Every structure is written in C-alpha cells, then in structure tokens.
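Visitor: Please see the structure below; I have some questions.
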Amino acid sequence: MIKFALALTLCLAGASLSLAQHNPRWWGNRNTIVHLFEWKWSDIAEECETFLAPRGFAGVQVSPVNENIISAGRPWWERYQPISYKLTTRSGNEEEFADMVRRCNDVGIRIYVDVLLNHMSGDFDGVAVGTAGTEAEPSKKSFPGVPYTAQDFHPSCEITDWNNRFQVQECELVGLKDLNQHSDYVRSKLIEFLDHLIELGVAGFRVDAAKHMAAVDLEYIYGSLSNLNIEHGFPHNARPFIFQEVIDHGHETVSREEYNELGAVTEFRFSEEIGKAFRGNNALKWLQSWGTDWGFLNSDQALTFVDNHDNQRDQGSVLNYKSPRQYKMATAFHLAYPYGISRVMSSFAFDDHDTPPPQDAQENIISPEFDEDGACVNGWICEHRWRQIYAMVGFKNAVRDTELSGWWDNGDNQISFCRGNKGFLAVNNNLYDLSQELNTCLPAGEYCDVISGSLVDGACTGKSVTVNEHGYGYIHIGSDDFDGVLALHVNAKV
C-alpha cells in the first residue's frame, strides 16, 4: 500500500508539472505573444516599454540567445547552429539580454527564448568561429566552448525516411550534429543552460526541433528545471512555459501527441488551414467549427499562428506579409476566435529563403526605424505594428474568457460572430459587398471599428457602428475596402 501511495504521489506530481508547463504566466488579461524575429535585445527592451506594453501584448518570443556559427552572408538560420551556450549573438551580449528581460518583465511583458536542445552546428570546412569568438570543429563534433566531444553525440547518419523513428530522433537533421539527450552529461549541460536563462528572468522556452528528440528525454530535462525567478514577478513554484516545435501533418511515426502532455505544441495544421481559408481555397463558413473538429490539438495545448519564421518562406498555402489584405483578415480571425495560445509574427523583408535580417556593411543587425505612423521601415516589416493587428491584440484582451456566440455566414465567404457581449467580428472575403444588419451581441451604443481606426478623444477615427437596444447594427464591408474585416469591442465604445 505504501508503494502504491508513493507511486501515485509521483504520478500526480509529474502530471502537475506537465500542466504547469502549459501556463504562459501572462500578466493581467494580456494573452498574445509576438515573435520579434532577429531583433536586438536593446531594441526589444525599448519596444516592450514604448509599444508592446501600452498596446496590451503579453510576451515576446526572441531568437536563440546562445553563441552560433558565423556563416557567409549571415543568413537567419545561422542562429540555429550553436557553437556554445555563451549568451553572445548578433542580438547582443548577456548583459544586454539580462537588461532586456528585466525591463520587459517590469512592464508586464514575458520573454520566451527559442532554444536549441537537439543539436549543435553542422559541418564546417576547418575551424568554425562563433559569435563570441569561440572556436569549434563541427566535423569532428568538437565544441570546446561547452565542452562537447564526439561521445556526446549520436553517430552520424542521414534522415531519409520520416517514418523511421530512429532516423528522425537519432540522425542528423539537415546535417546538424545530433546531441545524445539520453546522456547524463548532455542533459546536465542543457539543464544548466536553461536554468541560467530562468535565473535571468525568462518565462519559458520555444523548443526547436522537439520531434527530433525522444519525449522521455525532454520530460526529464523539463522536469529538472528550476522554478521561475520570483524576483521577476513570478509566483512561487511557477514552472516555465514550454512550447515545442513538432511539425505533424498526421501521417508520420513521431506525433505531436507524444509531446503535448509535456507542454504546448506548435499547431502547424492551424497555420496551413487558416492560409487555405483566407486564400479562398476553403469557404469561411466552415470556420464555425474551427479547433479540435479540424483535427487540431486541445486549445490549451496548441500554440497557434498564421505564419512563423520558417513556413513564411515556403511555397504553399501559408500566408505571410506579402499578401497583406488576406493576412490581416486571417490574423483578425485568429485573435478573435476562442482557440489556442496565440502568437503573431514580426518579420523582416526577404527575397529568398536565406535572406539575412537588415544589417549594415559590417554585418551588424540594424535597429528598426519608424515612419510618422509608427510603421517600420529600413527592411523591417513589423506586422505587430500594423494597426489592424495590434488593435486585435486589444480586442483579444477585451473579450478574454468569453464564449463564441451569434455565428452568422452567407453560406460562403462572409462571416460574423460575437465573443459574449464584449466583442464582434465580421469578415468579407467575397468579391461583392457585405451590407447587412447583424447581431453584434453588444450593449446599445456607438462603437469604433478598431480595424479602420481607433477611439481618440471620444470619437472614432475610422468607421463606426451604431448598435440598437437589441444588439443589432448595420455592417458594411465593401469588396474593395482596404481591409476586409471589421471589429468592435466594449473598450472602443464612444
């Protein structure tokens, strides 16, 4: 009986830790993450203070923080080829990173680090030099900056069969030297690295290439991490938020279900399907059942996004900033519909898959610059600064914890729905106007459309909608309007 009780206690403790790792540790009613891809730490700190916090963002996913290989031309993907766990990259050094984390936490913005636990750098001709000046010989699996030697890696082999579990989890992903996470020594170095970031005040981690590591090894690593640092405003015994990159199209041996109990999982099917819908390849009327009915993970297990730094560069259904009208409609739907843990993308312009972030002649990443409307210039796209997107972050905050209700569609590509009695969204993806009296579910009054403008000094700078005592209002979205979406919420009532 004593043995049974002990086993039950350990089982419950493990379940409790796993559930805790699904909690993003947001501040207040905020509930949207932004990925500031390849931004410098000093610029993120300022963005937290001057833009993200005032507009209600919840957190920032940052690019990998550890030393990486220096590749010719400085492609973005060099950040995903570790040389050591020293916190020096083109985004800044450890002191600058720590300052950024502190300043963002001070204004209620949580930091989530993209971490590389699966591998080190791939082959390099001769001695490679990292962004902190550390030398390594990847072809010999020699990384003195950690240190790792060949015995800390799986034997070299290629992934040729994605239905072969051994190949997927023990061979080299695109030639990257594959760490043996079952080794006590490797585990200790990874835990030490993550714990140092926790000590500096981060709230959690995006785990790159999680499907290429055995779930049992990740479970051990996650379970061995320290609690979040209470000096940065986290409650006692709070666990780091974990969200794992698991690309699962539903037909491979390694599945997302192996990982979703350990933490959230990146729901790539969400990205693909929302792209198909707003590109016109699937009628919007079908989105009424959006979520688990589409084969997605449970809402609290799914990290959701329209695009990410990888798939925005691929050909296919995924939307990106280059289709701005459809992208803004898809993002509005994403942030208005009650499903998933939402993340929005903040990109830099690219012409090909390898385009580096904006940089000067000395290959230093340059800071974003802004025009008079606050939009980014000089090579940065900054979708999070588009009014139509940051306004929907405010919408999502305003309607938090409300249910979907009042669904309407025209049988095709015009839809609307309510979020309780706090918010209303309408979308027109048809080639003709939407002009209709619709139930907004809102209290009577005049509301500003936060897509076309905002509430300033008691007046709307864009469209407005008058809602009658029955909750109905006249909604017009022209087929040639600049934006194909309209959004109202109680915090934008005149």
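Keep in mind that glycine also has a Cβ here, set from the backbone N, Cα and C atoms.
Keep in mind it's a predicted model, so treat the numbers as computed, not measured.
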Visitor: According to Swiss-Prot, Cys48 takes part in a disulfide bond; indicate which of Cys11, Cys104 is its partner.
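Guide: In Swiss-Prot, Cys48 forms its disulfide bond with Cys104.
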Visitor: Write down the one residue from His196, His212 that Swiss-Prot lists together with Asn118, Gln169, Asp178 as binding Ca(2+).
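Guide: Candidate listed by Swiss-Prot for the same site: His212.
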Visitor: Given that Swiss-Prot lists Arg206, Asn308 as binding chloride, which residue among Arg165, Arg239, Arg269, Arg343 does it place in the same site?
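Guide: Matched candidate out of Arg165, Arg239, Arg269, Arg343, per Swiss-Prot for chloride with Arg206, Asn308: Arg343.
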Visitor: Cys418, Cys460: which one closes the disulfide with Cys448 in Swiss-Prot?
Guide: Cys460
Visitor: What is the interatomic distance between the Cα atoms of Glu245 (active site, proton donor) and Asp208 (active site, nucleophile), given in whole Å?
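Guide: Spelling it out, the Cα of Glu245 (active site, proton donor) and the Cα of Asp208 (active site, nucleophile) are 5 Å apart.
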Visitor: Can you grab the distance from Cys448 (disulfide bond) over to His212 (Ca(2+) binding site)? Cα atoms, rounded to a whole Å.
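Guide: Here the two Cα atoms lie 47 Å apart.
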Visitor: So of all those disulfide-bonded residues, Cys104, Cys157, Cys171, which one's Cα sits nearest to Cys376 (disulfide bond)?
Guide: Cys104
Visitor: Identify all same-chain residues not among Arg206, Asn308, Arg343 whose C-beta atom falls within 8 angstroms of the centroid of the chloride site's C-beta atoms; report them in sequence order.
Guide: Ile33, His35, Gln61, Asp114, Phe243, Glu245, Thr266, Leu303, Phe305, His309, Met345
Visitor: Name them in sequence order: residues not among Asn118, Gln169, Asp178, His212 whose Cβ is within 8 Å of the mean position of the Cβ atoms defining the Ca(2+) site.
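Guide: Those within range, site residues removed, are His119, His154, Val168, Glu170, Cys171, Glu172, Leu173, Leu179, Gln181, Ala209, Met213.
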Visitor: To the nearest whole angstrom, state the Cα distance for the pair Cys104 (disulfide bond) and Arg343 (chloride binding site).
Guide: 17
